[in-house]
Amino acid sequence: MGQKTLQGLVAAAALAASVANAQQPGTFTPEVHPTLPTWKCTTSGGCVQQDTSVVLDWNYRWFHTEDGSKSCITSSGVDRTLCPDEATCAKNCFVEGVNYTSSGVETSGSSLTLRQFFKGSDGAINSVSPRVYLLGGDGNYVVLKLLGQELSFDVDVSSLPCGENAALYLSEMDATGGRNEYNTGGAEYGSGYCDAQCPVQNWNNGTLNTGRVGSCCNEMDILEANSKAEAFTPHPCIGNSCDKSGCGFNAYARGYHNYWAPGGTLDTSRPFTMITRFVTDDGTTSGKLARIERVYVQDGKKVPSAAPGGDVITADGCTSAQPYGGLSGMGDALGRGMVLALSIWNDASGYMNWLDAGSNGPCSDTEGNPSNILANHPDAHVVLSNIRWGDIGSTVDTGDGDNNGGGPNPSSTTTATATTTSSGPAEPTQTHYGQCGGKGWTGPTRCETPYTCKYQNDWYSQCL
């Protein structure tokens with residue numbers, strides 16, 4: 001992950017101008033955020049382009065004394081001589097701007113490329129593993145309120161081998177990044193990170209973390225993937241108690257071994273569109289989260305889901321999360337609003353086995369060793385583009401091939417022969433809260449008893 005920055009831990013009387021004066025000519029890098037346009041959509045008004053960019057995480061940056069002669073960070077954390085307390089640290093230390101290209105971050109139009117490695121001018125290849133956040137034109141993080149809404153984007157994971165993790169997720173971070181009198185940079189310098197793993201960082205919500213507490217908050221993993229395996233997972237929290245494991249959906253782990261794969265049902269050797277819907281019990285943006293639904297589009301057509309009835313996470317299938325607020329707690333966080341984080345990383349300790357090895361994917365236990373990745377895949381990167389969010393059915397035209405009725409069973413091919421265990425009607429039915437209609441929809445239009453198909457908008461009807 002990266003490592004430089006510019007403004008930041010400056011006392012209230014030493015705002016932006018003082019930071020500029022503190023820089024020695026030619027030794028500091030200005031903070032220039034790469035532009036990344038996104039779109040907010042409604043069924044009535046279409047999609048409106050947003051003034052957005054990305055910002056590299058605060059923890060990846062260079063913190064230094066005024067003349068740049070000494071780092072304020074040591075191998076064991078913050079230098080306690082320079083930073084015995086927040087006010088003193090703000091007087092002594094500055095946070096530097098970054099070169100985004102050498103940090104593994106590139107944008108072009110609406111596309112964001114995140115690279116695991118960067119080759120320097122000396123020929124050395126370094127692991128940079130960047131993490132960035134979506135930043136608004138006002139200098140604060142964009143807060144996405146996605147309860148009863150959907151988020152879509154295009155993604156290309158074709159260059160990502162076993163052991164890599166391209167992640168796009170939501171974190172309930174403070175919109176300002178914890179901006180305060182001692183941290184005037186805030187979100188503009190990527191501060192305030194938190195997630196359900198409760199990482200212990202040098203700063204907690206923009207404030208010097210003298211107590212070494214974990215930075216805990218609700219986390220919704222929309223995408224954690226390489227070309228071999230993928231999972232989407234809610235991680236709700238109650239206070240500082242979080243569901244760290246989560247109750248995710250991984251097609252391979254559920255037995256659908258040729259779904260997410262190069263040449264698979266969803267061909268990960270080519271780009272595709274991913275849509276995640278946060279469906280409520282009453283179809284509104286103020287209801288209770290009942291279902292997290294995943295939809296894929298490739299070549300202009302909707303890809304059949306891995307599981308019959310759809311690739312979904314429901315409260316009934318997420319009982320392990322109940323002590324942490326459950327799916328409804330995740331919905332509450334989505335309703336309050338969350339910040340979009342995007343990253344690429346690998347795992348030197350566990351080789352990302354939890355994602356793509358054993359019962360979770362086709363990779364061997366050692367294939368994900370970062371040294372193997374560097375030797376064989378130095379160009380490992382992910383491309384994320386065309387990020388849109390808004391009303392369900394408003395962000396992507398799924399085309400005439402729209403079909404949420406589900407694909408074949410894990411290790412079998414579809415046949416016309418009825419199974420001996422079938423007890424339902426011949427006509428396929430949709431489950432509670434599932435989609436049952438909309439433009440281009442060719443999946444089930446009949447709901448299971450006692451539910452009925454209720455119109456929500458031209459693109460989406462729901463079993464309620």
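Note: Cβ is positioned from N, Cα and C throughout, glycine not excepted.
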Please work out, from what Swiss-Prot records, which of Cys41, Cys318, Cys363 forms the disulfide with Cys162.
Cys363
If you consult Swiss-Prot, the disulfide counterpart of Cys194 among Cys198, Cys217 turns out to be Cys217
Check for me: which candidate out of Cys47, Cys89 does Swiss-Prot give as the disulfide partner of Cys83?
Cys89
Would you mind checking which of Cys198, Cys247 shares a disulfide with Cys216 in Swiss-Prot?
Cys198
Quick one: among the disulfide-bonded residues Cys47, Cys237, which has the most Cβ atoms sitting within 10 Å of its own Cβ?
Cys237
To the nearest whole angstrom, state the Cα distance for the pair Cys47 (disulfide bond) and Glu224 (active site, proton donor).
26
Do you know offhand how many angstrom separate Cys89 (disulfide bond) and Cys363 (disulfide bond) by C-alpha?
46
Which one is it: of the recorded positions Cys216, Glu219, Cys363, whose Cα lies the shortest distance from the Cα of Cys194 (disulfide bond)?
Cys216
Reduce the DSSP letter at Cys83 (disulfide bond) to three states and note it down.
coil
Mind giving me a neighbour count for Cys363 (disulfide bond)? Other Cβ atoms within 10 Å of its Cβ, every protein chain shown.
22
Could you please provide the mean pLDDT value for the domain 'CBM1' (428-464)?
66
Rank aside, I only need the closest one: which of the recorded positions Cys41, Cys83, Asn99, Cys242, Cys363 has its C-alpha nearest to that of Glu219 (active site, nucleophile)?
Cys242
